[in-house]
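Worksheet for the structure shown next.
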């Protein structure tokens, strides 16, 4: 795919790059690599470097053509740039450069570094404009002779790259003089190949970035482009596809890849082949024929990109309605390709990769051996094909960690046995960029899938069955069939999106039930008590000693703020009570202007005050439940009540914070950047949740340090550290229709922000001021002041968004370093076009998916749901006539409560289904809201029965309806064990246990009311109301109906029959 090609790289004279910016050579890299070069040369002088005493490298003039030269590769590897028309001669004690004045000034900086690293003196020969350089060349040859004599060699050997023909007047003169100099010449090509073969961390990072771009272009541009062309039956030429793909590679932002365009180039013009005309050689090109995609056709796509001159490559083959022969050939090739990759381990021979691939083909399809390519790829790096590292059967070089290979394998000119000239002959090709790790190979282009389901397409029109389940037919000998990616088109039986979704959802249901069964079998879910630990009654001590109780001047209620106690006058003595023992305190006044104060205490063993260790230890204890006091001084009563309530609130807040801090996971310590690097900084940010305290809120600064972020304000106590290792998800949401631009971090473990325990920390800036015009008049849309104000707001919003974007880009680069690779961190950006309105908590909000989450980051409390933690999604209240529906998210951890997002507009239903389907989330639909707490309890209590009864398929509304219509008795769906089906009353129980009612939703409110403390009269009144609602067995049928009607809601009587007169169906879990 690339031969005699070299991409344009940065050159100090600006000719190749077209930029006039100041260039600097990375001296640290130069020192390290020059030392490595000399060490390798001395160690392998005889076997790889041709016994050379000096090495002469001549770089040709800059060219607009793509070409790969070892001389250019050495320039970039050693100096960071290509130095056109420059001659370098390396000797033991001297390094000579022959170049122009501009390059010489840049090379001057190397003198000290070369002396320190290898003890060599840098000698620069400046060629004047118009001079052919002959005299300077003679000086270099003289220096070679002088050093050789000093080393005891009469006839020195000069190594050079034999295969590189001289270009330009300077190099032609140099080559002529070199050959006529009387010096012995040797080839050093193998030496440079071995030197460049093992990459350092900087080089590997460049390869990974190039590979990410290449595979992203294949996945997010090439594949969708081909699908659209085929689906819409457009006529597009291979060369046109090549041009479009090349433009996308050179503008990575088009596929949302955050790499600088000036560092990117193509490895070769992208290759598109179809219609029976295939060439798997690296020098292939795209012709002007139109893309051919009729039945049994094959499309080959290959693209390669470079980042900082380091190459990557990926090639994929797409099958259109493949026949059995093509299906089998691709499966064998895929298996052979994986075998070749897996053989690339340190210590193995290079030939092991090809031998592994060949063994697979010989075993699974011996008839295809003759068509297999003679190589499984080559080494790749600064050169697209590194000489000496071809993955063929004869290469005995040893693989080392850090080597990089383009693993490319294919079948050439296979016969498809069709009657179409354009499809009877076909070829297959797969290629990936692979880095050899310490133990296992790493495929850095893996995001572009090559699995059968993602490359095989079907639009067979002959059989209706294939419309329901498109498959590529298998051979009659039992070869396993495989699902194609999608049915793209047909003339008469076009598949709708809904049918495709149903087909995909059916497959997801099967996978999800298998996954859930495995997890439940392993005890992966259970129930637990989520209550936090509270202090026992024995720990509540106001005074350690009787003498500590303050002396009262008069017998009145007193509040001791310091010791958190209430002193009550009882029988002439002041009796202390810790404020935590007080449940509620109320006051009232009668007609005689007499005030009453009533204090109710927490009593162990009563509702909402369970027994603790202390109360269980002293079970015979007698507890004071409440006390009442009367006073003529109503003002004092009001003050006491207010003081007690305030003290209770303060103590409860402190105890809550203490309990929360006790459960915190210990974080690592933040390492400040110090002198290592300048911290990445973003100023004037507000934080949520806000710090406590009464003072005026002030903005702060967010800084990225060595292992985490630090947010701080000018106040010393307002500081938050967020470790990189504790970040689960990071989001950047620029202001579009919102008033704020924000950065949001969702954490693995809680941290404290002020006195609040949280897993979500957000930093934001308001992009415009929220103001209200008080003049009352409506301003004209053409008012110059109004227009100017809107422009200022737009400019401010754009500037803030750009500042945030720059900060995010710098942090992403920091996270791209090897030490953070395992954290897999990158700022995710919400996809607004997929968003929908809903009520996740109490207020309506705009909920937006990202690549890995479902989020709502503007309104509080925030919503962050990790998609990988979702078991299934149930869309509830879906039906005709409904203006909205609800989404219930069930998590893989059945201990977690389900998440409900209510009141999603029905107009968003199709978009929500499409998003769920594309993210491989299994969803179901139901007409009612289900009682998920009861359902999950039933599942965890008897997981085996849940699996036996079909797993989650009890939620399948279509199956449930059809089964119940056919026969109630034959219903074998999943039902909770406590549900009976013998009588009508049990049906009513079912409805109450599975369908949430308004009463269920109000439980928490009633509980909270009881916690506040109720009078005996209130409790008795509630008990009698409960008795009346429950009813006695002797109640009449009419009375029970009346109560049931009331429970359903005012003015709405449940219809016991449907419009067709059939009896009502039971609500049940299937």
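Heads up, the Cβ atoms here are built off N, Cα and C, so glycines get one too.
It should be emphasised that the depicted structure is a prediction, and the values quoted were computed from it without experimental measurement.
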Quick test of your reading of TrEMBL: among 458-480, 550-572, 573-595, 596-618, where does it put region 'Disordered'?
458-480
370-410, 411-451, 493-533, 657-697 - the one TrEMBL records as region 'Disordered':
493-533
Looking at the domain 'Histone chaperone RTT106/FACT complex subunit SPT16-like middle' (836-926) alone, can you tell me the average pLDDT?
91
Please list, for the domain 'Histone chaperone RTT106/FACT complex subunit SPT16-like middle' (836-926), how many residues fall into helix, strand and coil according to DSSP.
16 helix, 42 strand, 33 coil
The compositional bias 'Basic and acidic residues' (493-518) - residue tally per DSSP class, helix then strand then coil:
22 helix, 0 strand, 4 coil
